[in-house]
Structure formats: structure tokens, C-alpha cells
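See below for the structure under consideration.
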Amino acid sequence: MKKITIAIDGFSSCGKSTMAKDLAKKIGYIYIDSGAMYRAVTLYCIQNGLFDGENLNLAELEKAIHSIKVNFRLNEETLLPEVYLNDKNVEKEIRTMEVAAKVSQVSAIGFVRKEMVYLQQQMGAEKGIVMDGRDIGTVVFPKAELKIFVTADPLVRAQRRLDELRTKNDTKTTFDEVLENIRQRDYIDQNRDESPLKQADDALVLDNSELTKEQQMQWLLDKFNFLTSQ
Ligand SMILES: Nc1ncnc2c1ncn2[C@@H]1O[C@H](COP(=O)(O)OP(=O)(O)O)[C@@H](O)[C@H]1O
Ligand SMILES: Nc1ccn([C@@H]2O[C@H](COP(=O)(O)OP(=O)(O)O)[C@@H](O)[C@H]2O)c(=O)n1
């Protein structure tokens, strides 16, 4: 069977990356976390003093954007791709609340999206890819053969992200802070001018509020098997 392109979009902290990773591993596809790329650019801005409080120095970022190197390398042990910023593994740094607080501001910028979408399209040019994000099925790969849109109750999503932060030794962030960040980012992501978060007309919708990781994975695998058996 020829390899296809699988796009998984949806709200923050639904479980998109988990589903995408699990499916990619099962079917031998490449997995790309497009959100990690926007987080890496945000980390660059923080580390290089482009933020002055809430204010982002757009002129400086536009000058730098073509020289900011964001790519993935396979972790030989976990067999999962990890994101590198200018050849440094930043997989841990990009998952902090400090980055989460600013990433939607950075990802709403047109020249940032243009650069990231170009890289994402390059990564998926040969198909055989599972990519998760906000605009994968609408902008990055509008012709993807399989498009999924994931949603879940915001309280469930906040709890899942809080549990994740706790496993990464963030013992400070509160449930309310996570919920506020999720709500803020979803609002910004849905209402920005540049490729907003929206369900592609031909996307299959999954509300995984009540599903385990295994159940969501099985749901996704069933859709993939059905499509590729046609
Ligand atoms: N169905 C699920 N039930 C419970 N926890 C989940 C489920 N799917 C994912 N998770 C957990 O929720 C957190 C966020 O999942 P993630 O895949 O990173 O979401 P997203 O990519 O949509 O932001 C992770 O810690 C993940 O292990
Ligand atoms: N394809 C994408 C992926 C992420 N993003 C932005 O990057 C942020 C972080 O994405 P993410 O997938 O890592 O976020 P979570 O869903 O893991 O919380 C999102 O809130 C969006 O603002 C985007 O604009 N387009």
C-alpha cells in the first residue's frame, strides 16, 4: 500500500501527540510534532532577549528567522524524534510553562508561520508521515488522505497537562494556571488571522475526554486500516 499523509489537529493538550506518536510507531511512519517547532522558536526568542515583558521585538525576530535552525533528531533509545534548536536538544526546555505562556503570540506571526509551514511541508513531502498541530489538515497538508480533529473537555485537558508537568518535576504550576493557559492559547489559536486552528471540512472528529490512550489509539488505527484497505 502506498504511504499516505496523516494530519492530526485539535485543541491544546487533548492527546494529539500521544495518538500521533503511537500510530506512527505502529505503522512505521515518521512522526512530527509541529507544535514543538513553534515552541522552539519561542524558546529562541526568550533565550535571545527578544521579549521585553509581553512585547516581542518583531524586527529582530524577522531578521533572525531564516537563521533559526529547528529540526528533529531520533532519540536512539526511545526511537522518538526530539526537537533541536540551533543543534541543541531543547526537548525539555520547550515544554515549560514559560514557553507555553508565549508560544501562541509567536505562532500567530505570519513570517514565523511561513518559515515553519515550509519546513513541515518539506518533512512530509515523501508522505508516510503523521503530523500533529493546529493547521496540518487545513494549511500544511490540505490534501492529506487522513485528517483527524481531536477535542476534549477543557478541564480534562488541563488535568492531563498538569499530570504531565508533575512528571516533569514542575511542582509549582497550579491547575488553574494550566487551565487559563489552555483557554488563552485555544482562543488565540482559533482567532488569529494566520492559519487559525479550525477543523478541516473532511476531518474525522474525536472527542477523547472519556477515552484511554489505548482506546484512542485503537480508534485511530481502525480509521487508518479502513482507509488503507480501500
Ligand atoms: N486519552 C488520554 N487519557 C489520559 N491522558 C492522556 C490521553 N492522551 C494523552 N494523554 C496525556 O495527556 C498529556 C497531553 O497529551 P499530548 O499528546 O501531549 O497532547 P497534545 O499533543 O494534544 O498537546 C500527556 O501527558 C499525555 O500522556
Ligand atoms: N501546527 C501548529 C502547531 C502548534 N501551533 C502553536 O504552537 C502552540 C503549541 O503547540 P503544541 O501542540 O505544542 O501545544 P499543546 O497542544 O501540546 O499544548 C499552540 O498553542 C499554537 O499556538 C501552531 O500555531 N500551529
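Including glycine, each Cβ sits where the backbone N, Cα and C put it.
Please treat TrEMBL annotations as automatic predictions, because they have not gone through curation.
What TrEMBL annotates here:
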BINDING   G10, F11, S12, S13, C14, G15, K16, S17, T18  ATP binding site
DOMAIN    6-223  domain 'Cytidylate kinase'
Distant-in-sequence Cβ neighbours of G10 (ATP binding site), under 8 Å, six or more positions away: K16, D132, R134, I148, F149, V150, T151, L197
Given the binding-site residues S12, C14, K16, T18, which one has the fewest other C-beta atoms within 10 angstroms of its C-beta? T18
Averaged over the domain 'Cytidylate kinase' (6-223), what pLDDT does the predicted model reach? 97
Compute the centroid of the Cβ atoms of G10, F11, S12, S13, C14, G15, K16, S17, T18, then list the same-chain residues not in that set whose Cβ lies within 8 Å of it, in sequence order, for the ATP site. M19, D132, V150, A152, R157
